[in-house]
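Chemist: Mind looking over this structure? Questions follow.
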């Protein structure tokens, strides 16, 4: 037995040594929950990651014309899978930075057991749990998506300012739904709104009509549905519209996907609005949307803009740090300080030249300001959207 | 709460959901009765059936209802193939080994669905179907179809089991296998017949689950626990028990939100299962205890 | 790049093998020795992980905790609580044939997951518990991994030796006697239900221990770690592939299956992106197929249980779900 495991260790060591990449490329990890609970979002996120990698390589590559290689790995939306994948990325693929993972539990495990001890920079585009804010991360964990805390509050204020005083709240019982619902409730009630019903639900039940009947009892005609638009959120929205439980529906960025439009048609979604951590109007977003849809991406895919930003920022930080792993966090802060020549999404060549010339640059994210605070969070700017045709259209900016 | 909202929002969804469970539970109870093991790949076979219907409907441009018979046949054949490939050689071993094998089959079926159709949520029909109002009772057309087809299938199955030679052979096998073998019943044919029925009903349950909501790769695995609860509540080996069990489990799940937080709604079928095992392990209709 | 960093991934693999080894031995006690079909390993694993996390972390607002106990107390607590949870489950289900136990344990795991996900005061609900300490976790990356491997490996060796000793003691012989011929064991005056419950609780306690070992490695626990696929199913394959009834066998199973599971991804990631994505689902298929192949061609596993005399008519695969013999007339179907 012992001999066997020794032999095994030797074999593994051998494979790892062989797998060490050649020096003509720079490796980064692209983690996404390809399998598991959030798998429906993964394809577009990966497309967005790889779109960013392609833009870097098409415009002269990274550092001295080296190729940026994105190693896609599955975080499974599960802590064990994510920790395993991150360990492989860090130690076998030998990446110097990672974009992802998507789920907060997966991020906590991957960061704690692999990337933080290894000193590898990690930028998540979709993990929104407030727990990540307080992680002891040696300044190695960042995210391009704001914490749920902010979005829940912003949504509450926006609804009140639009004259909605009474709502029922239904949230998916996971870290995302629970976090954002709690923040919403606190802010909404503090500012004088009334919540008639507040209930969580499990995903993947096939009928939620009894849940909806309970929620509708209090007499609110607006349902705040904090869920994902391609899983149980879709079912609930369908059943609520079909049975006329509520008149108006409000979602957050999890609901703002193409799935409801595809499933119900825009004509049935005239009273559906959703918030998203996307600025109501920004030149950076327009540039990204145009380029990404030209490349065959779905600009309404969940978290595609933050995903692009995560990879693009990683590349900028690597360029700025000259490929030195230990300097990545400070370089990342340097390219997002808010000072210097603005860089739009996709302007890799310009950024590269400016960095080479020793000038300050400031990246303008497609997902809004990516000026990180001292804990690696972004402040977040939000827009409120409604359905128009087969697409979402901005109604107003959220504060 | 007035009577209409009780019927519309609690009873009716419960009955629809329950009849979907019942279709699955009939298969489980038949397999228990004739082969005497729990078949844990049942949920994922239902998923496969649902996606087959989607595929056929999309390929031929048919309405999903027209694709249902095709899916039923495909799933029935698949069930026989699975039995032949993975279960047949285990028949002489303790039954629990086949149960373990069925876990493996569940896994394989699920990954086949995920490889072929991906993991996105899809649905058979686009758009919203608003319920029709029948004197205050609101029924959607596909709910009505679900109930009618389930009733039809159950009647057909009942006639088959009581009138047809093979149906009688299956019942004989379930009641007393030794006597059945002695009187010249072909063991293999009865088993194949059981798989055809169980597989076909399974595909139908997956189809109706998808029709009433959406199609997902994990939809079948998620209804496995309530389906087993229904079969055991009805009494193992009892077709009528599986139907009543399915309805009870379905309605209880919907009613449970009145008393427990809806986060725990999924546990109501588990609670039923525990109560039955504690108080009346033979189930409502005096089934077998294995 | 220092050479130590090359050891990190193999060491990490081995840490997981040890954790899975612990789960596999726990399941082997239940299935291999007592013939009990537990399909809810993930639940007991989670109870262990949460218990150890709650006992060893410092005060956190809103949830139970703040005990700040040292690591060994966390692990002991994990074992005790998992064992205690197993008691009522066993009480209800051990009277029936094993596939009832299977469906009930699936339900138990689901219930535990829902409680962990919903109850703020107990587990901080869906957000989970972070900041779980790891012994010697402040060392540099490679050294910390090696140190943890040493701890986990040592614990596994101790568990293995104790269980082996127990299995060769009268207790082990009695368990096998009950498993293989319940009526004879009853006739000999053995208290079968109590013995079965003992085996069930002991096995579950070891699953809790594995959960504790995992949580100190990951330093965080969230409800999505309670996964029937990763925790329950893989362990079943390990036990069946390795050889149920033989602790060395199940450990070998843990090594092989975990390598296939974790290292196969390195190979599939070399494929073009589109296939690489599909391959992630494909490896679940392979694991399922592996189980079928083992059951077909080598149902006794790679290292079969050593019996002093030839097994009876049931063939080489000895665990006979309980009650199977009583039902002898039905066996032929």
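Glycine is treated like the rest: Cβ placed from N, Cα and C.
All TrEMBL annotations are machine predictions without curation.
TrEMBL lists these features:
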type     : residues  : note
TRANSMEM : C:6-29    : transmembrane segment
TRANSMEM : C:36-57   : transmembrane segment
TRANSMEM : C:69-87   : transmembrane segment
TRANSMEM : C:99-116  : transmembrane segment
TRANSMEM : C:146-163 : transmembrane segment
TRANSMEM : C:199-219 : transmembrane segment
TRANSMEM : C:225-243 : transmembrane segment
TRANSMEM : C:250-268 : transmembrane segment
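Have a look at these and tell me how they're positioned relative to everything else.
Modeler: Residues 23, 26-27, 30, 63-71, 73-75, 77-79, 81-82, 85-86, 94, 98-99, 101-113, 116, 122-123, 129, 131-133, 196, 199-200, 203-204, 207-212, 214-216, 221, 223, 225-228, 230-232, 235-236, 321-322 of the same chain lie 6+ residues outside the transmembrane segment (C:36-57) yet bring a C-beta within less than 8 angstroms of a C-beta in it.
Outside the transmembrane segment (C:69-87) by six or more residues, the chain places 43-44, 47-49, 51-53, 55-56, 108, 112, 133, 135, 155, 197, 200-209, 211-213, 216 with a CB less than 8 A from a CB of the stretch.
Away from its own ends, the transmembrane segment (C:146-163) comes close to residues 7, 11, 14-15, 18-19, 21-22, 25, 29, 75, 134-137, 139, 206, 209, 213, 216-217, 247, 251 of its chain (Cβ-Cβ under 8 Å, at least six residues beyond either end).
Residues 20, 23-24, 27-28, 31-32, 39-43, 45-46, 49, 106, 109, 112-113, 116, 214, 218, 249-254, 256-258, 261, 284, 287, 290-291, 294-295, 300-305 of the same chain lie 6+ residues outside the transmembrane segment (C:225-243) yet bring a C-beta within less than 8 angstroms of a C-beta in it.
Listed as Cβ neighbours of the transmembrane segment (C:250-268) (distance under 8 Å, sequence separation of 6 or more from its ends, same chain) are residues 13, 16-17, 20-21, 23-25, 27-28, 32, 160, 234-235, 237-244, 275-276, 279-280, 282-283, 286-287, 290, 301-303.
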Chemist: May I ask for the residues of the chain that lie six or more residues beyond the transmembrane segment (C:6-29) and have a Cβ under 8 Å from a Cβ within it?
Modeler: 38, 41, 44-45, 141-142, 145-146, 148-149, 152-153, 155-156, 159-160, 163, 199, 202-207, 209-210, 213-214, 217, 231, 234-236, 238-239, 242, 244-247, 250-251, 253-255, 257-259, 262-263
